[in-house]
Amino acid sequence: MEKMEPINTLQRQNLWVFHSFSVRSGHLVLCGGSAVYFIKEHNIVAPYKIERGKMEYVFQLEVSGKVEDVVETLLQLHRASCLDKLGDQMAMITAILQSRLARTSFDKNRFQSVSEKLHMECKAEMVTPLVTNPGHVCITDTNLYFQPLNGYPKPVVQITLQDVRRIYKRRHGLMPLGLEVFCTEDDLCSDIYLKFYEPQDRDDLYFYIATYLEHHVAEHTAESYMLQWQRGHLSNYQYLLHLNNLADRSCNDLSQYPVFPWVISDYSSPELDLSNPATFRDLSKPVGALNPERLERLLTRYQEMPEPKFMYGSHYSSPGYVLFYLVRIAPEYMLCLQNGRFDNADRMFNSIAETWKNCLDGATDFKELIPEFYDEDASFLINSLKLDLGKRQGGQMVDDVELPAWASSPQDFLQKNKDALESSYVSEHLHEWIDLIFGYKQKGSEAIGAHNVFHPLTYEGGVDLNSIEDPDDKVAMLTQILEFGQTPKQLFVTPHPRRITPKFKSLSQASSYNASMTDSPVSPGEESFEDLTEESKTLAWNNITKLQLHEQYKIHKEAVTGIAVSCNGSSVFTTSQDSTLKMFSKESKMLQRSISFSNMALSSCLLLPGDTTVISSSWDNNVYFYSIAFGRRQDTLMGHDDAVSKICWHNDRLYSASWDSTVKVWSGVPAEMPGTKRHQFDLLAELEHDVSVNTINLNAVSTLLVSGTKEGLVNIWDLTTATLLHQISCHSGTVCDAAFSPDSRHVLSTGVDGCLNVIDVQTGMLISSMASEEPQRCFVWDGNSVLSGSRTGELLVWDLLGAKVSERIQGHTGAVTCIWMNEQCSSIITGGEDRQVMFWKLQY
């Protein structure tokens, strides 16, 4: 027995028009009634045919032993259909279904192996568009099974847990009862969608599969997908698919079908010019706001409307809109949805240009697209089934979809749509559309400001069905919501970051009509020095797991706290909690100098340009300038009221962080010759914090500074105005280290809580968080991969995009406390609590 969705209640009623059922000899059933609906007569998909008048039909069952059971069920369903109230009908049908489920259980003989161990079994329904199929779910230590009551589409659906790649909890009928399982990474459709009768059953099954997957598959969040997309590891299409999945959109649920944007606005030109911004739709506005004149009328109505107000009387995604696009490949769904009839021929999906024009001008048409417009299969544009979809007012029959002049075929249309979706323009603006559909402009004042307000019933939590006591009202409300369409689950509550668009290549696929390399500043065959440097860095980071210890020296008596290296790599300077600054020669492998400024620990060091002066910060509140040429202390900056924890230098400016809760910016060049007169440093800015600052770092051009505090706050500052851009509370406890990615788009921070957090600089959004077993005290990174020093002494290589540790390299016997990497990323030096300074090289 298949259970129809509430959306098809009327259609289901029409089918139960028989007045009597009786058993004939053997396996025959006689049905008598006053009307018959012929569906798919002669196996041809066409509008339903109705015959009225008294008539009888005899049905022959394949299994004779089931006759009494079938007739009993038919009689029960007939009684239900004769009840006056819709709510009573649904209640009785549900009771019949639950009774049948209670009398059956999963057939354990269907297990793939006799050694399988049963974990749990429960009742559920397999969800497909417009129909849910009741049965029994069973999960073992190796397989997930579903056995439908009616044996359709097959006696048992079996999924090997080892093949599962993604699972999602789903809202179904506005209730937290759905679970969707995928055995692929990027496919649009899932392997099974289950709806449970109890939320606890759904949650228990999810937990069991998720626990199994923890050891096999990395869990992905919206933020982790965002990071992959930002850095070009996911296409725009893939990213939108993942966001749809995370927002409860499924191909098995027409009321929550995946939603994709219109991106092209030119459907009249003979050629499509993807280098012209005018070719594209404004992605910062919902479809309803694209036409200023229509928007003005809608806003006038909105302002005059009583609460609750809404701007649009229809949604951008609904079952009707989905089947409008898919009628040529899913005609039976359309007939089911519309009581056995196709829509009026002039309202069908006849032309791409006409549909776009209607979305711009129509009084109630605000629909977006579906993923099929950017996929490989063009069959939804072709009437390959030779369906009779009616005749238009002009006399022409509805057949294939009329394409724009710039598309030579349905396949060419899809390819150009895909190229447009992956184009530079869309890549630079897609975040604006995401803000509307999945993000912070979906609800509230931001939605009002963006003209993005839909009917309250379309939003998650817009109505509490459990609070509706009358069964008829509840069914009517649910039917209305499912037919009207639903807004996706909100994934982001702050502005979505932009995509990082490549400098030297277009994101769109190479094609004959799209000049994909027009933005390259160098001609083919030429390579700048910067290109070669970037290539060497990329090569180094691709082989970072091949890091090998070259040599090591114990030159301090306490933990090493800072490392600085001269430009030619011959001299290495280190600071330590033993209060000394050491100068070590890599060539002679000898300690050349040991300098002590006070009896307090030194916390960090750096070399000034020209390699003539080394600066050290100290726990005695001071910053010391040491002249290498003259072998003596050159200057002392007494600028803080507590220990100086970290210093940075750029363009004759010193940045000092302190436990006195400040970061100070100083201007001044220290004296070239040591003398009696000390240099005067000018305080340019003071970046005030509420608590002690443990670490700071500058971005590549020193326009931004990131600071990490002892209470887990990461602060991003604009140095041009000395103002705080973002404050993110993302660690429980001290922030150990924080640094910008080379392109300044992201900040990575590590803390004593063991977390590695990635923050988007533009929005301040925490977009990725990974936990390690031990705190990572220091790190270097290239924006995609991280080399970190652990409290255990190991060096860990992290794949941020894959959210996993790629390699563990044994190093120090105590915590790794500081790390230095050369510009080519091929040479690394680490210092540790074990007092060792270790020299590492890449072997590739």
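One-based numbering along the chain as shown.
Keep in mind that glycine also has a Cβ here, set from the backbone N, Cα and C atoms.
Caution: TrEMBL annotation is automatic and unverified by curators.
Residues or ranges marked as domain 'BEACH-type PH' by TrEMBL: 113-210. Residues annotated as domain 'BEACH' in TrEMBL: 214-499. The repeat 'WD' annotation in TrEMBL covers 637-667, 686-727, 728-769, 809-844.
Under DSSP, residues within the domain 'BEACH-type PH' (113-210) fall into helix, strand and coil as 15 helix, 51 strand, 32 coil. Residues 221, 223-224, 226-227, 230, 492, 494-498, 500, 694-701, 703-704, 706-716, 775-783, 786, 788, 798, 800, 803 of the same chain lie 6 or more positions beyond the ends of the repeat 'WD' (728-769) yet place their CB under 8 Å from a CB of it. Sequence-remote contacts of a segment are chain residues at least 6 beyond its ends whose Cβ falls under 8 Å from one of its Cβ atoms, and for the repeat 'WD' (686-727) they are 642, 645-646, 648, 650-651, 653, 655, 657-665, 733-740, 742-744, 747, 749, 751, 753, 757, 759, 761, 763-764. Taken through DSSP, the repeat 'WD' (728-769) splits into 0 helix, 24 strand, 18 coil.
Averaged over the repeat 'WD' (728-769), the predicted model reaches a pLDDT of 94. Using DSSP to sort the residues of the repeat 'WD' (637-667) gives these counts of helix, strand and coil: 0 helix, 21 strand, 10 coil.
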